[in-house]
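According to TrEMBL, the protein carries these features:
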type	residues	note
ACT_SITE	Glu412	active site
BINDING	His411, His416, Glu469	Zn(2+) binding site
Amino acid sequence: MVDSQYYLPNDIGVSALHCGEAFHLLSPQEKMYAHYLSRAAWYGGLVVLLQTSPESADIFVLLQRIFRKQTPAQLEQVATAAGLSSEEYQAFLVYAAGLYANMGNYKSFGDTKFIPNLPKDKLKALVRASQAFQDQPAEMEALWDSCSCLLYSLENKQKQLGLGDKGITTYFSGNCCLEDAELTQKFLDSKKLSAYNTRLFKKDSGEKACYEVRLASAVQKGQNCSETYAANDNQRKMLEEYRRSFTFGSVDAHKEGSRYWIKDKGPIVESYIGFIESYRDPFGSRGEFEGFVAVVNKAMSERFARLVSSAEVLLPELPWPKEFEKDTFLKPDFTSLDVLTFAGSGIPAGINIPNYDDIRQSEGFKNVSLGNVLAVAYATQKEKLTFLEEEDKDLFIKWKGPSFEVQVGLHELLGHGSGKLFVQDDNGKFNFDQSKMMNPETGEVVSSWYRGSETWDSKFTTIASSYEECRAECVGLYLCLNKQVLSIFGHEDKDAEDVVYINWLSMVRAGLLGLEFYTPESKSWRQAHMQARFVILRVLLEAGEGLVGLKEVTGQDGKPDARITLDRSKIHTVGKNAIHRFLRKLQVFKSTADVEGGRALYDNYSTVDNGGAHDFLRLRETVLLRKEDRKMFVQANTRVSGDSVELVEYEGSAAGLIQSFTERFQDDAEQLEADLLALRKRDAPCWC
């Protein structure tokens, strides 16, 4: 029996991401703008297949060829004739949907590999019985041979993404290790080159190792930017810079495009595209491609706008000296959006971008909350609520959505948007008084800072993403205690206290659930946010005084279970004090570029073992036993019909998700698939 964490269950949640109401309110020009940006996002998103695993592109093409010839409904009869049971055929559809939804065969949230939940010989029989195989037997046989072994392989290294012997990555060639990543990062920093849109390939030639840093670029000369349906000059200039970035592999051009994007305040159709988040790079400095297009949700955006307006009052409430806060708070554009398109490995609930520290520090950023994602992703059935006391469950279901909206707002705006980095530029100029700046943790003058082109990611590397998510989550917990914040979101009196209680309870429960994303064999975490929440759980358990309770019990089914409790009467005292102390440390280490201190603190709380008051390794087994897989989203397509744009929506099922992808690339499917296979084949020797 294969461990259940390595396949997707047949009853996994699949929900349609509705955006019809918002889309139909757009003008014809706005619809055209949204359509063409969506096409760019979807085509760019295919890059993620090549960024995920050596076999992902081949599996994608195999599935596309099968489903372009026969819909899931038509293929079902073929499956039955080939000897598959209805459960096995459903498992195949769920696997295909999962491959599309994650843009590869590793979960976007957790980085664990997933394989089909049916025997390999049954899947092979189905492939060979398909119409696609009948039409092109040699090509389909070759495609199956190229990916079938890795498609099912669960060797230790292939169970999760990682660097060297810790897992699989295509950001680095197979012969690279952590030392190679560190060495080349120092080189790139010295040349003032960003690693965001690169991959690293190592070639051994005799005694010397040769490193090849590959930029993502098309390098097509003389290409002009086509006419767009942009609403203003900022959008036009933004798109021109993006085109330049993708053509020549220029991160500087993308940064320039991001500057125009920041200036484009409050657009009706919002988008961002490029190599953005570095969660899946094992070293933490290379970005995964993503592109999104979304439409403003005016009601929720109004609440976020009020939070933005209150930022200058709320920031001084944070537990660090004012000298550790940005000199001037740059009010970001904070909007709630309904997603039309989100291409990449997964869809988040909120985003704070751009991720370029120098721009965020001095020019600004935008915060985006994805309203229709929030509405669907966090809807919970009572019978599936794990690890809570019965008396908490109804309250949890009632307030989980509203409390998460508050947390997302605070996390993105005042979490990621807060805090100063102490920097000495290439000319020797400091952005702080280095002779007088006192470290509040040591009581001594600050002795470390960022120099030249050093950034948060390049300094803190492997822990940077999770550490920063933890800092932002702590800001959310800390500031949700503020009555003004709760009032902004429409919560007063008893309701406000319930929102606070459920927000904190959600966080400690998420810390326990986070154990799913820890790999004991390599002692590594596979998901930045969940590691952050586990760290917060440890901090709150350490606070003592009965604030948080965590005990192992036997469930009604006779199997191991656990219960987590939170004393709501101690949140404003014991809880607040614990987060105050921890959050200040996180910020001080970040501001001062104290990698050694920050890593020691974070690694300590991230440790998962069986010592101390709680056996977290045993609790991890309980979490795996009772885990609920994350939902998959079915997204709409757009198509031009005459002078107008139509929205094409699909049912919320595995079949609907599959159909959306086969129709997404209809116009040039064969050429696109050939290009993907050629790119995969070119790099195949690098993973051996």
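Note: Cβ is positioned from N, Cα and C throughout, glycine not excepted.
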Study note, to complete from the structure: the residue listed as 'active site' and Glu469 (Zn(2+) binding site), compared by Cα position, are separated in whole Å by 9
**Study point:** CB within-chain contacts under 8 A for Glu469 (Zn(2+) binding site), separation at least 6
**Key:** Ala528, His529, Gln531, Ala532
Exercise for review: Among the binding-site residues His411, His416, point out the residue whose Cβ has the most other Cβ atoms within 10 Å, with all shown protein chains included in the count.
Suggested key: His411
Check your understanding: Given the Zn(2+) site residues His411, His416, Glu469, which other residues of that chain have a Cβ within 8 Å of the mean position of their Cβ atoms, reported in sequence order?
Key -> Asn352, Glu412, Gly415, Glu468, Arg471, Ala472, Glu473, Val475, Gly476
